[in-house]
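Chemist: The structure follows.
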Amino acid sequence: MSDYKNTLNLPETGFPMRGDLAKREPDMLKRWYEQDLYGIIRTAKKGKKTFILHDGPPYANGNIHIGHSVNKILKDIIVKAKGMSGYDSPYIPGWDCHGLPIELKVEQLIGKPGEKVSAAEFRAACRKYAAEQVEGQKKDFIRLGVLGDWDHPYLTMDFKTEANIIRALSKIIDNAHLHKGAKPVHWCTDCGSSLAEAEVEYYDKTSPSIDVRFNAVDVATVSAKFGAANANGPISLVIWTTTPWTLPANRAISLNAEYNYQLVQVEGECLILAEDLVESVMKRAGIAEWTVLGSCKGSDLELLRFNHPFMGFDVPAILGDHVTLDAGTGAVHTAPGHGPDDFVIGQKYGLEVANPVGPNGCYLAGTYPTLDGLFVFKANDVIVELLREKGALLKVEKLVHSYPCCWRHKTPIIFRATPQWFISMDQKGLRKQSLEEIKGVQWIPDWGQARIETMVANRPDWCISRQRTWGVPMSLFVHKETEALHPRSTELMEEVAKRVEQDGIQAWWDLDPAEILGADAADYVKVPDTLDVWFDSGSTHSSVVDARPEFGGHSPDMYLEGSDQHRGWFMSSLMIATAMKGKAPYRQVLTHGFTVDGQGRKMSKSIGNTISPQDVMNKLGGDILRLWVASTDYTGEIAVSDEILKRSADSYRRIRNTARFLLANLNGFDPALHQVKPEEMVVVDRWAVGRAQAAQAEIMEAYENYDFHLVVQRLMQFCSVEMGSFYLDIIKDRQYTAKGDSVARRSCQTALFHIAEALVRWMAPIMSFTADEIWNEMPGERPQYVFTEEWYDGLFGLAGDESMNDTFWAELLKVRGEVNKVLEQARSDKRIGGSLEAAVTLFATPELAARLNSLQDELRFVLLTSAAKVADYADAGDDALQSELISGLKITFNKADGEKCPRCWHYTQDIGLVAEHAELCGRCVTNVAGDGEERKYA
């Protein structure tokens, strides 16, 4: 028996079946870096239309976690896809480098500034620590396959950026948005500093819930308001609070003007309560019997006076819309120094903004004899007892409620009025203008717009000052007496900025005011405050994007971060850009959800359900992590577990196997020499290229809409269904057995070449490492990297008016599927081994029969059987199986006649007709010794 193996066109490629990504990817990264891939892309894209995705800077502290990976991979997919769409999309990664977390880490290492080290030494240590953290995170981000200018990232602690942050504040001052005031701000007693809204988290806390009597100063006047002449005993207005520690700062009681209030007689006294809450208060206080003596509106009680229960002065009743009937008594204890609503209503009534609490959370001396020096949360119980002694406590309970806490320390925070600098939301119309700007931005998902609109509409003025050591100085001079800003503030700030640009922020603390103030130095002092770090990152659209030449003066197109950044970076950037330039800093804002485990639980070290991106890359590879990110609908929670990653690895293998089949069967194909013209190609080959064209249109649209999970779904469908289970299956016979340089084979290779050219580009933004690997195995002259390319424009399809158009092949796929069911059952019943042992008969209605017969003898190649014939539907016997999908089709099969050809494995009756090749079928003889078979359709 002759060996005809060397007459076959067997697949051959250097592209391995196993990805072995964890081992191969680091070598690719080394090559990318040594060859300056990022620089090559920039050169290739120069002069194209620009798309700027501005990187929201992660904080330079600690290792990257799985959430960081999601964020950076999504950004990288977009940047690479934009490159494929013909954009120049420079990507400059950044880091947020100032602020408290770094201070706390450095304190642990060298102690607090002013104790063991000077402030200057402390800042230098912070700078060094932040730089080390940046380097550690940078390595992990690069390992993800993220392309960017990693050698020249932006750091908020770069001298030039620090200087530009000062210039941003100067512009805001120039536009009259800055003011100073003693306002209640979120204050962490552990940090000893005010907190931005984005630095506040909410956790459950148990607090005392108390109802407190404020006795009326003039009982007769109050009784008269209710029309009650028969009131017995003292009259008190009852407030409800869960923060007894704020009572020393009480300066009023707020009522709602429109609510009805009742004077209620109980044993020995009268209580004033909101009509709708009387029953709940009585139940809470354990009072079974009461009598309503009269009613009046809240507005009738305005400015009546009530005695503070222990501070020795009286306070007015005032009116405010913030009073609700959700809980309590309908009367709200009002301390303008300890709450934003209280402050606003206090301003309206000219109330004192009292703040008896120091930065450490302890009462100042002179507050109250038993409270001086006491920590506020410890004072709650002392105040409850004090109220009990004074006869002012109506009821005390414990309440578990959601309470604001410091994001770093996880400890409860307080509202505390301190002298601070604010960007005003309303004095120059910043709120109104910001709300207008929001409308011009595309929010992805679209619910992001309503979310940030609500936040902007309701947010207080932004407290931008901090009492910290490691931060950008506000760089302000104020008058010693009046505390007014120096009239030449913007000019002076530019002088400071120039010094900072040379020497960093330490230049401010080293500055002798006389150097730039001259004679004014006698009357003005430096403001010691630093800027909120959210101002640092929020101004990068100006301090970085406007300043770096590679952005070419273009403003950012997109900001992309987690959904918590509506109140963080998106908000601070919007406020600063609108205050500086009168416009939003972005055109599109895309948000992604948070990572959770396979059961939907938040990632937590205590639960033990965290997944380290480093571990995933070391075990499975970066492309598996990237494919997982792309496969997930990032608009909601993003689930990750070992099982989910295993599914991503399975999907990856299917895609890789498809790519490997394409490459292996392009062996010996030179596109410059061997391409077949579309009109001369076998019809099914043109159909396959057309399916790639249709897939590409959908994939390009999905990339354009940032629907990466749809990209992956379409890619998988193309590889598994249209290619894997149909086209790649039926071409094996022609590809392997046809004459090597025949049109039949070269037509097939031409199709595979076009498909591979398209496929590698579809993959590149997501599976970047594998796309690069495929690109290097592709035949023909080509640029060095796929990442410099655009979507493949060499695809073509079948004409719609051809008889064998897409509709024809879609029907044929169904027919083949129905035949496969019959053959699968036969295999299961051990009646045949492989499908080539079968000869099938398709009983079809006339129209379907005509379409099937148009394939002539090549129908069998589509069905992967040794023989196939079409008969009249009416002639089908009882043994014919009715198709479930196609009403006009019945199927039977028999064992194929003849012998098995050892070369093509088809069963045929023409083996041995040519003496020189006595073992071969006639078709194989033609392919081995003749001109080669002709194929028209399949």
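The backbone N, Cα and C atoms fix where each Cβ goes, glycine too.
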Chemist: With Swiss-Prot as the source, identify the stretch among 242-246, 427-431, 602-606, 612-616 annotated motif ''KMSKS' region'.
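Modeler: Per Swiss-Prot, the stretch marked motif ''KMSKS' region' is 602-606.
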Chemist: Tell me which range among 58-68, 487-497, 817-827 Swiss-Prot lists as motif ''HIGH' region'.
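Modeler: Range annotated as motif ''HIGH' region' by Swiss-Prot: 58-68.
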Chemist: For Cys921 (Zn(2+) binding site), which residues of its chain lie six or more apart in sequence with Cβ-Cβ distance below 8 Å?
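Modeler: Counting only residues 6 or more apart in sequence, the Cβ neighbours of Cys921 (Zn(2+) binding site) under 8 Å are Cys901, Arg903, Cys904, His906, Thr908, Asp910, Ile911.
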Chemist: What residue among the binding-site residues Cys901, Cys904, Cys924 has the most other CB atoms lying within 10 A of its CB?
Modeler: Cys924
Chemist: Could you give the number of helix, strand and coil residues in the motif ''HIGH' region' (58-68) as assigned by DSSP?
Modeler: 3 helix, 1 strand, 7 coil
Chemist: Near the Zn(2+) site, what residues other than Cys901, Cys904, Cys921, Cys924 in the same chain have a C-beta no further than 8 Å from the centroid of the listed C-beta atoms?
Modeler: Thr737, Pro902, Arg903, Trp905, His906, Thr908, Ile911, Leu920, Gly922, Arg923, Val925
Chemist: Just counting, how many other CB atoms are there within 10 A of the CB of Lys605 (ATP binding site)?
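Modeler: So the Cβ neighbour count for Lys605 (ATP binding site) comes to 7.
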Chemist: What are the DSSP helix, strand and coil residue counts for the motif ''KMSKS' region' (602-606)?
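Modeler: The counts are 0 helix, 1 strand, 4 coil.
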Chemist: Round to the nearest Å and give the CA-to-CA distance linking Lys605 (ATP binding site) with Cys924 (Zn(2+) binding site).
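Modeler: Here the two Cα atoms are 65 Å apart.
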Chemist: In sequence order, which same-chain residues at least six apart have a C-beta under 8 angstroms from Glu561 (L-isoleucyl-5'-AMP binding site)?
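Modeler: Same-chain residues close to Glu561 (L-isoleucyl-5'-AMP binding site) (Cβ under 8 Å, separated by 6 or more) are Gly56, Asn71, Gly568, Trp569, Phe570, Thr591, His592.
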Chemist: Under a three-state reduction of DSSP output, how is Glu561 (L-isoleucyl-5'-AMP binding site) classified: helix, strand, or coil?
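Modeler: Its secondary structure by DSSP: strand.
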Chemist: According to DSSP, which of helix, strand or coil covers Cys904 (Zn(2+) binding site)?
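Modeler: SS state of Cys904 (Zn(2+) binding site) = coil.
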